[in-house]
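*Asks:* Got a structure here, written out as structure tokens. Questions coming.
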Amino acid sequence: PCMSNIDQALGEYGMAHFSEKGKVRGKDYCIFFNSQWARLPQDLKKASRIQTFDLTASVLCSPSEVPDGGFPNRIPMVLRGNCTFYEKVRLAQINGARGILIVSKDKPLQLETRLSTRRLTFRSLFICLRLQTFGEGREVAMYAPNEPALDYNMVIIFLMAVGTVAIGGYWAGSRDIKKRYMKHKRDDSAEKQDEETVDVTPIMICVFVVMCCTMLVLLYYFYDHLVYVIIGTFCLASSVSLHSCLWPFVRRIPFGACRIPENNLPYCHKRPQVRMLLLSLFCIGVSATWCVFRNEDQWAWVLQDALGIAFCLYMLKTIRLPTFKACTLLLVVLFVYDVFFVFITPFFTKSGESIMVEVAAGPTNSSTHEKLPMVLKVPRLNSSPLALCDRPFSLLGFGDILVPGLLVAYCHRFDILMQSSRIYFVACTIGYGIGLLITFVALALMEMGQPALLYLVPCTLLTSLAVALWRKELPLFWTGSGFVVNTSLI
């Protein structure tokens, strides 16, 4: 799925601007609030300045913690814990407060909806995240600036996705044709292994889709246990993929071609080249670095995207769809799969949330707070003050790259076979780019996670089909005639 800034908690982010009394300049902190209880202006200049009362040494759960004189026309700041939000709000209200700021290190899963059913004359409850204590004499002004539905990070995701599909499809087609014309050549075992491909059959497609459905449902119910299995698998697969993608460039380096001495070490007894061994250590190091620092939102996403792109390129040049019929079957079945788990499953879940979106973004009730790594992710790049609150990411799943990418790779192989100046390849790649743009527009208009294959599959399949009809090559394109026969001789 394609998602942006998914926040499933019952509440919104805002800003609390603290300043000295009578002064404009100050410091902003993040707050979490429910807009049904408190309506905040979008501009700081329109926000009312209210004097605060620093009670952060207390949790305000009993009348004995209320200072003499109460909080007349002030906003007390208290610590979170020991009692419900309702009890804190009630004590603040009966002692003259205009609102209450509850200081917390973490955002609550949801603000208590019971507050709206109790007899309270104000519901100005704000959860202030990572606030420092200031002492007396400070004023606070609270506001909630709007964020645009689309962000510049969509451009980066678009370039990464289209670039991966184009490079992977071109590489897969060129590599496959080179293999056909050099089948008489016998190279060393490492290069032969690098040239292995897997032809996808209809039975394999059905088994794959059943496995995807099963794994997604298992992740939904047992996320905290299986997420570490997925992370470990990603580390292993991405390091192998990165090695496969970099080796064609590394082996052009004129030094390091000598082999290591004879030994009995695992994986080294075949005496690999020094440059291959160094590349393997580098790829393992990159993958291990990401694994250790994967939750560092400031920069770990760069490593995840690099490893993810390498994984997608490796899969595109390893998995081969031999006919357009196989391409159509795979894309249509996964099209239904994506739509079902995004739009239909909310009718069956207790929370009313999509299974696909819940798993991709990480369940809100997860005790591990881990995220699945099988996505390209880029943080929002706008300069909104709300960047202090969170570092929301826009996501694009690997499946939204790999599934259409396999069709692009088939189109390139067919272009070379028919000597058609890569018209199928270019047209299908452009169709993928158009489908991705439509996905982003739908994301902005509907403001919810989108099944990207809903837009990518029609754009790529119909574009390829239209080119085949225009060139009157549909029978050859559908069955891969000539290509299947020739590749079977390898």
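Using N, Cα and C of the backbone, Cβ positions are placed for all residues, glycine too.
Found this in TrEMBL, in case it helps:
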type     : residues : note
DOMAIN   : 70-107   : domain 'PA'
TRANSMEM : 152-173  : transmembrane segment
TRANSMEM : 202-223  : transmembrane segment
TRANSMEM : 229-250  : transmembrane segment
TRANSMEM : 276-293  : transmembrane segment
TRANSMEM : 299-316  : transmembrane segment
TRANSMEM : 328-348  : transmembrane segment
TRANSMEM : 393-411  : transmembrane segment
TRANSMEM : 423-446  : transmembrane segment
TRANSMEM : 452-470  : transmembrane segment
*Asks:* With the transmembrane segment (152-173) as the reference, which stretch in 229-250, 393-411, 423-446 has the largest tally of C-beta pairs below 8 Å?
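*Replies:* The listed stretch sharing the most Cβ pairs with the transmembrane segment (152-173) is 393-411.
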*Asks:* Under a criterion of three or more Cβ pairs within a distance under 8 Å and sequence separation of at least 6, are the transmembrane segment (393-411) and the transmembrane segment (452-470) in contact?
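*Replies:* Result for the transmembrane segment (393-411) with the transmembrane segment (452-470) is yes.
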*Asks:* Please list, for the domain 'PA' (70-107), how many residues fall into helix, strand and coil according to DSSP.
*Replies:* 10 helix, 10 strand, 18 coil
*Asks:* For the domain 'PA' (70-107), what's the mean pLDDT in this predicted model?
*Replies:* 82
*Asks:* Residues of the same chain, at least six outside the transmembrane segment (229-250), with any C-beta under 8 angstroms of its C-beta?
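*Replies:* Same-chain contacts beyond the ends: 194, 219, 275-276, 279-280, 283-284, 286-288, 290-291, 294, 306-308, 310-311, 313-315, 317, 370, 372-374.
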